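Novice: Before we start, here is the structure in question, set down as structure tokens.
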């Protein structure tokens with residue numbers, strides 16, 4: 001089997017694994033706040049389960065990178081899938097016991113699983129070179145398109161399957177998804193890496209030096225902005241929808257449209273990046289996120305919520321995939337593990353904070369305030385991105 005064939009095989013496997021693994025977050029996001037409302041006596045804590053999911057994602061990135069480095073991606077990913085199965089069982093147990101604490105432990109554990117799933121996009125680039133990196137990332141993210149349908153539909157199909165424990169069935173289905181991922185991940189094979197004999201002991205630059213690189217800082221900032229703003233608005237959306245008189249099914253379908261929009265562009269995002277460049281597509285993503293806030297501020301009908309969530313998802317896709325591709329240009333193969341791990345730790349740590357503050361801010365200030373905050377944060381990253389593009393344009397004209 002040639003390296004190219006092995007790489008394509010791994011992309012297919014990772015895409016299927018992504019479809020299964022990425023079906024879990026929509027369940028947590030759709031129901032985390034609603035279950036929080038039932039189990040928590042403090043309205044400010046209703047989004048804590050979703051925040052802990054994102055915190056688990058952030059805290060899990062560095063251990064996941066360590067396990068991948070020590071035991072290989074396949075073994076680490078299978079461990080992650082087992083953790084995902086356990087997470088669903090724990091969350092369901094919390095609902096059965098009417099325990100907010102146990103339920104939160106389940107969503108935190110689900111975040112640990114998500115930290116492995118998030119790195120599938122980097123695993124796809126292990127044997128890719130040049131422009132193929134962006135396409136490899138993009139194709140693995142296509143698995144999320146299936147997840148966009150499976151996750152929310154599981155919520156609708158299973159939310160009342162156990163009458164005395166509303167939503168417990170949905171989290172048990174989450175456990176099944178983790179178990180189904182195990183045989184898929186078992187087929188993953190690490191690509192052969194041709195090592196430079198002169199670089200056997202090369203560990204690359206110290207992490208501190210990488211973190212101080214302006215290029216790395218901008219790449220991480222773009223990813224953080226795209227993901228944190230998406231999570232900030234998305235976490236508040238289901239609660240805001242129900243609060244404005246819409247049904248739980250409407251809220252779940254809103255998340256489904258949102259997640260579909262997050263992953264559907266992946267069919268062509270890689271090609272767009274190849275044609276127009278990483279920075280331009282990332283900037284376009286940020287503009288679309290700002291546009292989603294404009295739609296959200298237009299009213300409280302189902303159409304306003306769904307329209308905002310759809311453009312928020314498309315903006316996330318361009319911003320996140322573009323920023324991920326930017327990060328892969330900021331490190332050598334020897335620096336890959338620590339650079340990618342640091343990127344995800346910073347990004348998902350910020351995402352955890354964003355999801356937590358979404359709940360308290362929604363309770364204290366309302367849905368409009370959530371969306372007004374999008375504009376200054378987008379501007380903070382969009383301006384440096386545009387300034388980075390200007391010299392290239394000037395050089396091209398000269």
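The chain as shown is numbered from 1 upward.
Heads up, the Cβ atoms here are built off N, Cα and C, so glycines get one too.
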Novice: Looking at 166-188, 189-211, which stretch does Swiss-Prot describe as transmembrane segment?
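Specialist: The listed stretch tagged transmembrane segment in Swiss-Prot is 166-188.
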Novice: Is the transmembrane segment (372-389) packed against any residues at least 6 beyond its ends, judged by a Cβ distance under 8 Å, and which are they?
Specialist: 218, 221-222, 225, 228-229, 232-233, 277, 279-280, 282-283, 286-287, 289-290, 292-293, 297, 361
Novice: Should the transmembrane segment (252-274) and the transmembrane segment (345-367) be scored as in contact, given a threshold of at least 3 Cβ pairs under 8 Å and pairs 6 or more apart?
Specialist: no
Novice: Same-chain Cβ contacts of the transmembrane segment (281-300) under 8 Å, 6 or more residues past its ends?
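Specialist: Contacts with the transmembrane segment (281-300): 222, 225-226, 229-230, 233, 244, 269, 272-273, 307-312, 314-323, 326, 367-368, 370-372, 374-375, 378, 381-382, 385-386, 389.
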Novice: Count the Cβ pairs between the transmembrane segment (220-242) and the transmembrane segment (166-188) that lie under 8 angstroms and are 6 or more residues apart in sequence, then report whether there are at least 3.
Specialist: no
Novice: Determine which recorded stretch among 95-117, 137-156, 166-188, 305-324 has the most C-beta pairs below 8 angstroms with the transmembrane segment (45-67).
Specialist: 95-117
Novice: Apart from its near flanks, which chain residues at least 6 from the ends of the transmembrane segment (137-156) lie with a Cβ under 8 angstroms of it?
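Specialist: Distant Cβ neighbours of the transmembrane segment (137-156) are 11, 14-27, 30-31, 120-125, 167, 170, 173-174, 177, 249, 252-253, 255-256, 258-264, 266-271, 273, 317, 321, 324-325.
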Novice: State the non-local partners of the transmembrane segment (166-188) in its own chain: residues 6+ outside its ends, Cβ under 8 Å from one of its Cβ atoms.
Specialist: 10, 13-14, 16-17, 20-21, 23-24, 27-28, 31, 34-35, 38, 73-74, 77-78, 81-89, 91-92, 95-96, 106, 110, 113, 123, 150, 154-155, 158-160
